[in-house]
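Here's the structure, in structure tokens; my notes come after.
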Amino acid sequence: MSESVSMSVPELLAIAVAALGGTRRRGQQEMAAAVAHAFETGEHLVVQAGTGTGKSLAYLVPAIIRALCDDAPVVVSTATIALQRQLVDRDLPQLVDSLTNALPRRPKFALLKGRRNYLCLNKIHNSVTASDHDDERPQEELFDPVAVTALGRDVQRLTAWASTTVSGDRDDLKPGVGDRSWSQVSVSARECLGVARCPFGSECFSERARGAAGLADVVVTNHALLAIDAVAESAVLPEHRLLVVDEAHELADRVTSVAAAELTSATLGMAARRITRLVDPKVTQRLQAASATFSSAIHDARPGRIDCLDDEMATYLSALRDAASAARSAIDTGSDTTTASVRAEAGAVLTEISDTASRILASFAPAIPDRSDVVWLEHEDNHESARAVLRVAPLSVAELLATQVFARATTVLTSATLTIGGSFDAMATAWGLTADTPWRGLDVGSPFQHAKSGILYVAAHLPPPGRDGSGSAEQLTEIAELITAAGGRTLGLFSSMRAARAATEAMRERLSTPVLCQGDDSTSTLVEKFTADAATSLFGTLSLWQGVDVPGPSLSLVLIDRIPFPRPDDPLLSARQRAVAARGGNGFMTVAASHAALLLAQGSGRLLRRVTDRGVVAVLDSRMATARYGEFLRASLPPFWQTTNATQVRAALRRLARADAKAH
């Protein structure tokens, strides 16, 4: 039943901020008012809210009000588990407590994830033993007693945990287990028997989570499940008319990942082994033969984007599609209830194979400019064995988002970094927000005084970076001098692990302060060590660009080794560049430069995490200052004071190090 809320958004926001010990922030108030207006008018809203704005309260307060008034849920989607946990474990409980006396009833909230994230009781009790899937394991592990016993121990622990856990949520298991172990006790949506057929349907952890979400006022989920809900034949999320997408800068990539598919020898072999006891041997032999021929072909073929499918590969894909489809039909005729779970799992894999092969074949029917999918072949080195993967992914997810997300719900998209080159247009285009769609962009700024707190230093005197990805001797000298001036306290963000490791080795020889490198330990442990010792530096690659939050004196220098353009041979992004060019646009600026600008904004955003932080972002790529696109890239970063004077920067870092030493 809908409720009447007598107090306004500004009034409730003020109560919440005061109760949580915060302070009034103009950007937060402006954002909350804009979110409330969007929910009222149905106009989509894109909000850039810098670190420190308090954006979660700015959208949660109007979301709760509308949920109570409309008696309908508001869905909040995030990219990362960390933000999900922050919302469900901290922000929402504190907010609900603070507003209890000001609202007609206590709001309810729930966390909902994809089915694979929850334990499957049917799989645990009816089909799981450590040896059940031995024939699906890599050959080298079948004879490794350590690997076998490790899997067995994990499965035993998971089975015991199933009888004590309330949620069955993988993220609640401490310590966690690897993907292979978790796959022994979980199922995908396709593998699920369904609540009506499953003997454990009434106890199902996933169904319980969906039930709780159906009763909630605010449902917290992730971009992957949001994408699954968009493409699924039946609804996964509760019916909703209002949606908030936090960490929206990741939305297009996460949706692309969900909409992608692949074919590998391992998947084909697993499918053949799963059906051995379920169907006529001739059906199995047909699938095995088609799989063997296809696997041999992709191992021998040249990796890279496939613009034209040759007749031979098309024949192999057709044979694979038909064999998988026939096997699926044979499984569906089975009626033995004792093998229902096994048949469901096998059927899911076969459907995936058949659908993916069909999709790849269909993608080559139209001419190149009109294609909606990109197909490419990768050869991955996995320890001692090579792995060939044929992948297909959408060229764009704009139409999917426009028709299946924005057409269904008024949407607020927010992040600290959404403008590229000073404009929302690039992001809006990637999402499918066009001039025909009612939307507006709003930048509420940041509580930080960037020009007084930070310096953007571009090392214009350095030679342009080489194609091999490794740093020049001049660049390594520059890194050593900057870290020495900063007294350690450096986060080094590199475009590749090769470059990060090379710089780490060089700095360990030259510097007296510790240098950690991604891969030395878990990322969380490395960040803890980095935070605990102000003299320590931490080098790494992409995950550190976006996932590190180190406020205070432990971080005063962010090093970026080169402009993070995508690889020229990246099949998906190069195809997108070509598609833009075919329409008369600038493919490099629209795709490659925008990709780099977003990563640069994310990386430089690691520097200032609270209003008292100070420091330098140093870009060791002279093209940032000399190339035509340099101004576009700089306009995408926070408004730091800018310089190319190395002497000034080193002096500033030394002053900052002395000041922090006195203060601490």
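Backbone N, Cα and C define each Cβ position, glycine as well.
When Swiss-Prot is compared with the stretches 70-73, 122-125, 246-249, the one noted as motif 'DEAH box' is 246-249. Ranking the binding-site residues Ala49, Gly50, Gly54, Ser56 by Cα distance from Cys192 ([4Fe-4S] cluster binding site) puts Ser56 first. Beyond the ends of the motif 'DEAH box' (246-249), by six or more residues, the same chain brings 46, 55-56, 59, 76-80, 83, 223, 413-415, 417-418, 427, 598, 602 to within a C-beta distance below 8 angstroms of the stretch. Around Gly52 (ATP binding site), taking its Cβ as the centre, 19 other Cβ atoms fall within 10 Å, counting all chains. Taking the mean position of the Cβ atoms of Cys120, Cys192, Cys198, Cys204 as the [4Fe-4S] cluster site, the remaining residues of that chain whose Cβ falls within 8 Å of it are Arg115, Leu121, Asn122, Lys123, Val187, Leu193, Gly194, Val195, Phe200, Gly201, Ser206, Glu207. Under 8 Å, Cβ to Cβ, and six or more positions away along its own chain, Cys204 ([4Fe-4S] cluster binding site) finds Tyr118, Cys120, Leu121, Val195, Cys198. Same-chain residues with CB within 8 A of the center of the Ala49, Gly50, Thr51, Gly52, Thr53, Gly54, Lys55, Ser56 CB atoms, the ATP site residues themselves not counted, are Arg25, Gly27, Gln28, Ala58, Ala416, Ser446, Pro447.
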